[in-house]
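Quick one: the structure is below, questions incoming.
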Amino acid sequence: MNHIRNFSIIAHIDHGKSTLADRLIQRCGGLQDREMSAQVLDSMDIEKERGITIKAQTASLKYKALDGQVYNLNLIDTPGHVDFSYEVSRSLSACEGALLVVDASQGVEAQTVANCYTALDLGVTVVPVLNKMDLPQADPDNAKQEIEEVIGIDATDAIPCSAKTGMGIDEILEAVVALIPAPKGNPDAALRAMIIDSWYDAYVGVVMLVRVVDGRLAKGDRIKLMASEATYNAEQLGVFTPHTEARQALEAGEVGFVIAGIKELQAARVGDTVTLIKGGTGGAAFTATEALPGFKEIQPQVFAGLYPSEASEYESLRDALEKLKLNDASLHYEPEVSEALGFGFRCGFLGLLHMEIVQERLEREFDQDLITTAPSVVYEVLKADGTTIKVENPSKIPDAGRVNEIREPIVTVHLYMPQDYVGAVMTLANQKRGVQLNMAYHGKQVMLTYEMPLGEIVLDFFDKLKSVSRGYASMDYEFKEFRASDVVKVDILLNGEKVDALSIIVHRSQSAYRGRAVVAKMREIISRQQFDVAIQAAIGANIIARETIKALRKNVIAKCYGGDISRKKKLLEKQKAGKKRMKQIGSVEVPQEAFLAILQVED
């Protein structure tokens, strides 16, 4: 066990985690040169295209150190984006150490800090590394100073490297061996292994990625999952080098995969503990009684409705979501029915990027044609009878008369940016009802701390932040509390009928403006009918905005030559009566663009 090192790489987006991982794998001979592709560990197409890591991946490497010993290094690659912080905490809880990669030309950014604090909370040893030293604008001294000031860890011995050119890679490997502690655990105790990740493979069923903490797991052992109490046979074991390599057993301290013929992913919950079954044939002498401390269940922050564009596709969308959930533990969904859109699902996501990626994966990998409603967050509603309910769908909020107060989720937001952009970012944060808590200067970087309603962030805050700061600002946020607020539900009515999927929740101060803007946008999108269509925005029974789409009409008096006005009147009245009858029975098709229109209403 003294020759095992488990470590992961944490960094902000684009600071070079995945490239560094590639170099480490190459240096340890995990892959031949011809198999080296850029970003070996980012296996999804969408990861390669967007240049981000979504799923944590692992590689088990053999490294011969300068002291002549061969060490087993288990590298766990982590995502850097704030939406996937859950993946990061999972990876870190399986490690004893982490390489904190900081781009020497950019310095410390928001997710560097967030992920680094996660690591320190979990008691992981952090080794700072300065990447991109080959760039002419690299400024290592400034980066070191920022690491010390912002994060508060000693960076005097930070290792300079360049993952692109391969400089400093050996020093990093030596530092991993020297500075990161060997795994603690008892090889002779009962087996306890933690599930770091699980995914679904069409051929073998569920594959579990586990970190063995105590004991050993051998091929053919009868295993039990502690949370679900389900029992299985460990059919195949192995490690990733990034290729799969079969093993007869996994020892304490190792990270590897287990295939046990599990059919549904719900059984192999991430964070669960695997142990052996006591007694019986193939049973162990003793079984673990205490589960490992797992990580907290993730709470979705952003909700949206996903509906199939054809009602007949509902089943296939459900299958697609089930399969996707196999691979993405943080996706939540439940069936819901909308009058406007038929049957679909209410899905919960960690954030907007997560939502986009889920949508894109459903469309790409499962060929789904989707209609998505505007994202919303969870509100706490205190009803007049004193009970509290949580509502994640705006159309489900009870009428104003039956509600005492609505509480919206408030988050603490940390914003980092160069000092030139402070003014613009503060203006933006104030527009979004932010309350400034703190402002700190670190060299040329400024860190602003705000309290903000999550509902204001989910629509377009991130995009706007990037545009006002020319891409330099970065952010991360964490949930703080539910707080009573003057928010109202705005319903959109077409010819007096509520369209439930178009309801939005906004602050009362913005309600009239948002109502008008949505109604105007809807007017452009809905095509003209044979009868007048009234589009209204309402709070309760109070109409706050209205637009009318005029009917298409035939020129009925074209055939009259001169003559009596009453003849023309008669024809016009007849047409009017027909239109009126039509309006009573006619229904209006709401196109997909209408649901997206709500998202694009500028503040």
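Glycine is treated like the rest: Cβ placed from N, Cα and C.
As listed in Swiss-Prot for this protein:
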BINDING   D14, H15, G16, K17, S18, T19, N131, K132, M133, D134  GTP binding site
DOMAIN    2-184  domain 'tr-type G'
Cβ atoms within 10 Å, counted per site: which of S18, N131 has the most, among these binding-site residues?
N131
Ranked by the number of other Cβ atoms within 10 Å of their own Cβ, which of the binding-site residues D14, G16, M133 ranks first?
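Result of the Cβ crowding comparison: G16.
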According to DSSP, which kind of secondary structure is S18 (GTP binding site) found in, if we only use helix, strand and coil?
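Going by the DSSP assignment, S18 (GTP binding site) falls within a helical segment, counted as helix.
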Measure between the Cα atoms of every pair in D14, H15, G16, K17, S18, T19, N131, K132, M133, D134, the residues the record assigns to GTP, and report the largest value in Å, rounded to a whole number.
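In whole numbers, the farthest two Cα atoms are 17 Å apart.
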